[in-house]
There are 2 protein chains.
Amino acid sequence: MKKIALTIMEQLTPKYIQVSRIEFEGPEIAIYVRNPKALAEHPEVAKEIAKKLKKRIVIRTDPSVRRSEKETIEVIKNLVPPEAGIKEIKFDHVLGEVIIKAEKVGLVYGKGQSIYNKVLAETGWRMNVVRIPPVDPKDLSTLNKIIDYMLSQSSYRLEFLRSSGERIHRGVIFENRYVRITALGGFMEVGRSAILIETSESKILLDVGINPSGIGYNLYPRLDIDQLNLEELDAVVVTHAHLDHIGLVPYLFKYGYRGPVYATKPTRDLMVLLLLDLLDIMQRSGQKPPYTQQEVKKMILHTIPLDYGEVTDIAPDMKLTFYNAGHILGSAIAHIHIGEGLHNIVYTGDFKFGRTRLLDKAHTEFPRVETLIMESTYGDRDQPRRDEAELELISVISKTIARRGKVLIPVMAVGRAQEILLVLVDALRKKLLPPETKIYIDGSIKEVTAIHLTYPELLSAQVRARILRGENPFDHENIVRVEGRQMREDIAKSDEPGVILATAGMLTGGPSVEYLRLLAPDPRNVLVFVSYQAKGTLGRRILDGEREITMVDEEGKPQLVRIQMEVKSIDGFSGHSDRRQLLAFLANMKPKPKNIILNHGEPQSIHALAETIRRRARHLGLPEDIRVYTPTILDTLHIAGVA
Amino acid sequence: MKKIALTIMEQLTPKYIQVSRIEFEGPEIAIYVRNPKALAEHPEVAKEIAKKLKKRIVIRTDPSVRRSEKETIEVIKNLVPPEAGIKEIKFDHVLGEVIIKAEKVGLVYGKGQSIYNKVLAETGWRMNVVRIPPVDPKDLSTLNKIIDYMLSQSSYRLEFLRSSGERIHRGVIFENRYVRITALGGFMEVGRSAILIETSESKILLDVGINPSGIGYNLYPRLDIDQLNLEELDAVVVTHAHLDHIGLVPYLFKYGYRGPVYATKPTRDLMVLLLLDLLDIMQRSGQKPPYTQQEVKKMILHTIPLDYGEVTDIAPDMKLTFYNAGHILGSAIAHIHIGEGLHNIVYTGDFKFGRTRLLDKAHTEFPRVETLIMESTYGDRDQPRRDEAELELISVISKTIARRGKVLIPVMAVGRAQEILLVLVDALRKKLLPPETKIYIDGSIKEVTAIHLTYPELLSAQVRARILRGENPFDHENIVRVEGRQMREDIAKSDEPGVILATAGMLTGGPSVEYLRLLAPDPRNVLVFVSYQAKGTLGRRILDGEREITMVDEEGKPQLVRIQMEVKSIDGFSGHSDRRQLLAFLANMKPKPKNIILNHGEPQSIHALAETIRRRARHLGLPEDIRVYTPTILDTLHIAGVA
Ligand SMILES: [Zn+2]
Ligand SMILES: [Zn+2]
Ligand SMILES: [Zn+2]
Ligand SMILES: [Zn+2]
Ligand SMILES: [Zn+2]
């Protein structure tokens, strides 16, 4: 620390910037300055420091040079054009940030950050602008809660950043003697994803999910081994906001973890929303949740958001970089660089190597890769083409509406819901569906969609362009938001046809299960699966042919439900790569890995994929002696280091 | 503890035995009694307790009822016949044991333990009789040192036994959630054998060897991973006294280990002898040993000797049983029973499934087995028949002697040395060699041979019978013991032919290397390898064709030695099972394992053996879905428990 501070103060910053002190703040080095004007006028100085030190730099102003709130608001209002649509301005006195909620983020920052730099120079405050999309304000309630909570706990957060910063930069004690990967969950199965990466220096977790269908030990990843000691844990890296990857993150805080959680910004927001929603559903259905809102709040304060492509120190011998995974909003492929070139791991998380309406396809180029950990959900089968899938969906809906039935589409709140909404809105606009077709959406879909509108820069070019034009591509006048049990029953009982999008996507609880019970007896209705149904879930059981199901009615009594509605599964909408896309990802990947570890798939998918990769290694451009590993839970692989 | 004590005192022991207290002493439950007479007269009481509790029982007398040393010696002298040849009587007042060194152990104990029981009843002292073979007393010096040292540290030892007893019986806290095996050394290689067995309750090490040829990290097994915490280690199990299995045991004590080391009695004795010898050689050759005599002494005090077939609690959820491995004196196959039937592991250590002159072949029947960890040294090749090998050796010696050359046979002090001695002595007796053929033995061979004579009951029927008749089957009038450098040089320079047996067996140091330097230039001489030469050793390099070697001369100067003596390798003497024997062991094994983990072999041996086992699974009577694992260092396999 001292060495870095001296270097910065004596060699890297010109005297006129007036550096008052240097602090570690999480993965960043914070430089406190007394002359923000000089720095704003010479932005190249900060860039130069970051480049020289190979560290992330944040510039903070000394509190003594910050102007009053009133004066600062005045400066901002004078500089930012009214079209920017500023809704709210708040001040974080601890971090020296002014948080601005606005409709057009770009207009607030100004061209080439010009307004940002002027505000900093004149007031000493750094602007942090959050996009407020044009939606029903209650759809933004979780987002607003996160912002307000972080603001209220600003001192705690600064302290956390300082202590984790010290830890990250603690310096390497041992040589790099080993890199080991332990399968804690989501190996030879889909669900409860969790991977331990361990070196002689540090330990990190990649994802900490729950099993949507699990019971007992199967529900959680195996955090119970001695090898994983929460006090020794340096970081938790979260690839995307699906419960099978994030469901147990707050649990770590319950058991004493106080380190950072790295995620993209949208993953953080979606994660909070989904976890609070999960707690809510568990409480209402009488289940005992493994943690409370308190731990979700701790998690918020300990989450460090990262942008794609941002190289970040997360342990003395590890750097993390996220890349787009194309799976859902904010989903990331994690690249981990270990020990000055010793080893590089790419963990795909869930990924889609194919364009969807919503997202660009997954990134394939990395600075270096020796070991690839790859999901294998569809390792044994191809999926139909996307346009065929859309045609089939529209045709099923049309037929059902013609016979005055209802279409129930269980969807995960994040990802599939938005994709299907885009398809349906498009079909309505193109009049491929009868103009009176109502689309009911239930569960947290609306709020999740609002979060999508907050991050247009992460969506596909087409969707982004429409959002930036001020449109809401997920909305249509025929869309009806459903709230409460009574409304559900009314919809189910009415004679009007319609399409219902409801969570959970695998019928593991939530409104989709309520609709199923109400709609099951009528053969005019249809249940349409558009996503992967994990083993053990109700969705999978029905897909596998089960037609008599015991469910709980409104009064909590068990009831035998006979499924007489039609059951359909339309493949091709998946957010996962199918077999062809998995192989294409390998063929396109640069550079090629030496080891491939397959996870996130049922045994037959994983074995089939392993076989295919070995057989086609040369054709895929992989080394001919490629090692393909198919570990099971609690196995540990030693992938690098000395023998 | 309290529960067990109450059960013993109130239900299992008749009042007249007068139990004064109950203690855990290592794996045993010690019952202290005030009326040894009653117990000696009712030996069935102790047996009954052991059976009921499924624990090992040791009976100790209350110090208050023990008679004086003088009176006790009187009683013993009156009861034991003079032919027993008592040499020495010592008293251990802490443990209440009288240690008797004698020529004929059986005569001291009496028929059916009759004298033992009488001495106990009349004096309150338990006899512990040690066999003193008729050899040069200096060959017994290590043995005597062990006995004397243990006696002098009797209080420490009792305290250690008590504390480790408490720990072993600490009770199971967690359910049995996992059983994991981690490769620390000796996987895909021969050398530095070490295996970590880990459950949710406990952790044990199987063997802790060094690599005879290693440098840097390769020298030691990988004890540097966080998963292995010496404070959490419950036990060290040692299968046999070869340096690649025991070389680093004292190192554990240097770094704070204070738990038990389980080994057979001869393994303990040989281990001490070899480790002290190793320290000596390292010091004399200027190497820095990884530990000192102090740690070897600590190891002696912490070693708990076990007989073959004795089921012993070594952790709250683990029972250990040793079985004959047929490899060297005292070598054991370790059977580990985990968690009331959850899982059973058989670790072969080094084993010979074939009779040798010295030992019976390895045991094949076990109460239960799910996972077999098997050595694979000769997994890819068969060895010639033993009688052919003997004929070849005799013929090579005869030819060399005829041309007035010398035969240098590098041997490991333990195992091969005694086998070859038996062959040579037999050949001399049968006049297959010229009557004047001198056999020089150098290194610790003599002392090791004396230890063999101490444990006739563990040797083959033929050798045992001769020893019990008072013969020394390893001795002959032509055998000359060599001591010191000068004598070596004289032998080398003299024009007399002869056979030299010298350690180390792989030319990694010791007198064999000195002889090599002296004998190498003369083409009349021959170097004969009779055992496995590990990768990286000088032995292996010469075997692979290297003929110019840099060696250090008497004055410590490097010297280029050109090997012009003949080099021969005679296969068939190995103490390891060859390919045929490895497969025969599997075919004979009862019951059959579900998992086989291969270790202790070079990659080509292990891969070949894995292939053969998979292909012949049905033919070997193994389950057709047998899983054969070939892990590399630092891999961990999860072999049992919940998913
Ligand atoms: Zn996902
Ligand atoms: Zn997933
Ligand atoms: Zn630990
Ligand atoms: Zn051995
Ligand atoms: Zn060995």
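From the backbone N, Cα and C atoms, a Cβ is placed for every residue, glycine too.
Predicted automatically and left uncurated, TrEMBL annotations should be read as such.
Over in TrEMBL, the protein carries these features:
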type	residues	note
BINDING	A:His240, A:His242, A:His327, A:Asp350	Zn(2+) 1 binding site
BINDING	A:Asp244, A:His245, A:Asp350, A:His600	Zn(2+) 2 binding site
DOMAIN	A:191-412	domain 'Metallo-beta-lactamase'
DOMAIN	A:417-542	domain 'Beta-Casp'
REGION	A:67-134	region 'KHb'
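What TrEMBL annotates, mapped onto the structure for a quick look.
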residue: A:His240; record: Zn(2+) 1 binding site; DSSP (3 states): coil
residue: A:His245; record: Zn(2+) 2 binding site; DSSP (3 states): helix
residue: A:His327; record: Zn(2+) 1 binding site; DSSP (3 states): coil
residue: A:Asp350; record: Zn(2+) 1 binding site; DSSP (3 states): coil
residue: A:His600; record: Zn(2+) 2 binding site; DSSP (3 states): coil
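Rounded to the nearest whole angstrom, the C-alpha distance between A:Asp244 (Zn(2+) 2 binding site) and A:His327 (Zn(2+) 1 binding site) is 14. The average pLDDT for the region 'KHb' (A:67-134) in the predicted structure is 95.
Secondary structure by DSSP for the domain 'Beta-Casp' (A:417-542): 57 helix, 16 strand, 53 coil. Report note: the Zn(2+) 1 site is defined by A:His240, A:His242, A:His327, A:Asp350, and the residues of the same chain whose CB lies within 8 Å of the CB centroid of those residues, excluding them, are A:Thr239, A:Ala241, A:His245, A:Ala325, A:Ile328, A:Ser331, A:Gly349, A:Phe351, A:Gly415, A:Gly575.
Break the region 'KHb' (A:67-134) down by DSSP state and the numbers are 32 helix, 19 strand, 17 coil. Here the candidates are the binding-site residues A:His240, A:His242, A:His327, A:Asp350. The one whose C-alpha lies nearest to that of A:His600 (Zn(2+) 2 binding site) is A:Asp350. Take the mean position of the Cβ atoms of A:Asp244, A:His245, A:Asp350, A:His600, the recorded Zn(2+) 2 site; other residues of that chain with a Cβ within 8 Å of it are A:Gly186, A:Val190, A:Gly191, A:Ser193, A:Asp207, A:Gly209, A:Thr239, A:His240, A:His242, A:Gly349, A:Glu375. Counting every protein chain shown, the Cβ of A:His600 (Zn(2+) 2 binding site) has 29 other Cβ atoms within 10 Å. Other C-beta atoms found within 10 angstroms of the C-beta of A:Asp350 (Zn(2+) 1 binding site) number 29, with every protein chain shown included.
Within the same chain, the residues at least 6 positions away from A:His242 (Zn(2+) 1 binding site) whose Cβ sits under 8 Å from its Cβ are A:Gly209, A:Leu274, A:Ile328, A:Asp350, A:Met412, A:Val414, A:Gly415, listed in sequence order. Counted within 10 Å of its Cβ, the other Cβ atoms near A:Asp244 (Zn(2+) 2 binding site) come to 27, all protein chains included. Sequence-distant neighbours of A:His327 (Zn(2+) 1 binding site) (same chain, 6+ apart, CB under 8 A from its CB) are A:His240, A:Gly349, A:Asp350, A:Phe351, A:Lys352, A:Leu359, A:Ala362, A:Gly415, A:Gly575, A:His576.
Sequence-distant neighbours of A:His245 (Zn(2+) 2 binding site) (same chain, 6+ residues apart, CB-CB distance under 8 A): A:Ser193, A:Asp207, A:Val208, A:Gly209, A:Val238, A:Thr239, A:Gly349, A:Asp350.
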